[in-house]
Amino acid sequence: MLLSILVALCLCVRLALGVRGAPCEAVRIPMCRHMPWNITRMPNHLHHSTQENAILAIEQYEELVDVNCSSVLRFFLCAMYAPICTLEFLHDPIKPCKSVCQRARDDCEPLMKMYNHSWPESLACDELPVYDRGVCISPEAIVTDLPEDVKWIDITPDMMVQERSFDADCKHLSPDRCKCKKVKPTLATYLSKNYSYVIHAKIKAVQRSGCNEVTTVVDVKEIFKSSSPIPRTQVPLITNSSCQCPHILPHQDVLIMCYERRSRMMLLENCLVEKWRDQLSRRSTQWEERLQEQQRTTQDKKQIASRTSRSNPPKPKGRSPASKPASPKKNIKARSAPKKSNPKKSTS
């Protein structure tokens, strides 16, 4: 099972069942600061309750990592000692895949044996999940576009978002050069765009995360549609462009209709942002009902067309019609007709 992870926030949530969610925290283990994820949770897979304890334990492998005996050793160790923190797996952190452990062990154990050491039992590979039969992470399974210079800042008590220093090339960018096209909130727009999420939210902050990325932090108030679970808390909306379109300002109460991409909620130019009005709640629900009805009708037509094509196969083309055999009646009549005798020659 491919697990595509794009970590751009840390949410400290409380589960609906009344159990307190374990909070995510920034990775402080020096060996793991350049991993594709910047947030972790404790206890880790080796039962260390704090990162301070994990730091003391992972230090024993620093020399092994430095000699670069395996390209996946650092990844494997960090996945064990500083497991990635995600909203879906707060109470059961994701483990590294068995294949990652085996690669690290097979690469490094020969060197360890030269110094009379074996692969430690605490890092045994046998109990780890197999890639295609469980949830696990490997270097190939993580999709990330976060550069190495990303750092994390605490915006609110509930979340963390990335901050990145501007390059010299970004300084010329100005919102005044962007001309956003207004998307009208109509039924026709909704049916044609087929948005994957619709929410009522309040804009908390808008900040540029780089030359071609703008992060809009919103406080989700109502969820009318979603293709994956959306927490009722503050979440980031990502605009992967130098222009923030549609253009919105902090403290606005809005209806947002847009798309999800690689598990991230996007805010794109063809999305709809409308100042909130109470009637928008009922209207968006009605539009979604019409969209579902339209999709069912389209699906029914496809099924009918498929059944029709199977029951009425096309006639073969390119063959000349076969000549019709002679009528049996005509043949019988021809056979039964008396033969005419020739007149006898007269004798003299």
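Just so you know, glycine gets a Cβ as well, placed from its N, Cα and C.
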If you have Swiss-Prot open, could you say which of Cys69, Cys170, Cys178, Cys180 makes the disulfide with Cys108? Cys69
Record Swiss-Prot, residue Cys32, disulfide partner from Cys10, Cys78, Cys85, Cys97: Cys78
Disulfide-linked residue for Cys125, taking Swiss-Prot as the record, within Cys101, Cys136: Cys101
Between the glycosylation sites Asn38, Asn68, Asn116, Asn194, Asn240, where is the Cβ count within 10 Å the lowest? Asn116
Cys32 (disulfide bond): nearby recorded positions from Cys24, Asn38, Cys69, Cys108, Asn194, Asn240, Cα cut-off 10 Å: Asn38
In whole Å, how far is Cys85 (disulfide bond) from Asn38 (N-linked glycosylation site) when you measure between their Cα atoms? 9
Taking just the CA atoms, what is the gap between Asn240 (N-linked glycosylation site) and Cys97 (disulfide bond) in Å? 31
Among Cys85, Cys101, Cys125 [disulfide-bonded residues], residue with fewest other Cβ within 10 Å: Cys125
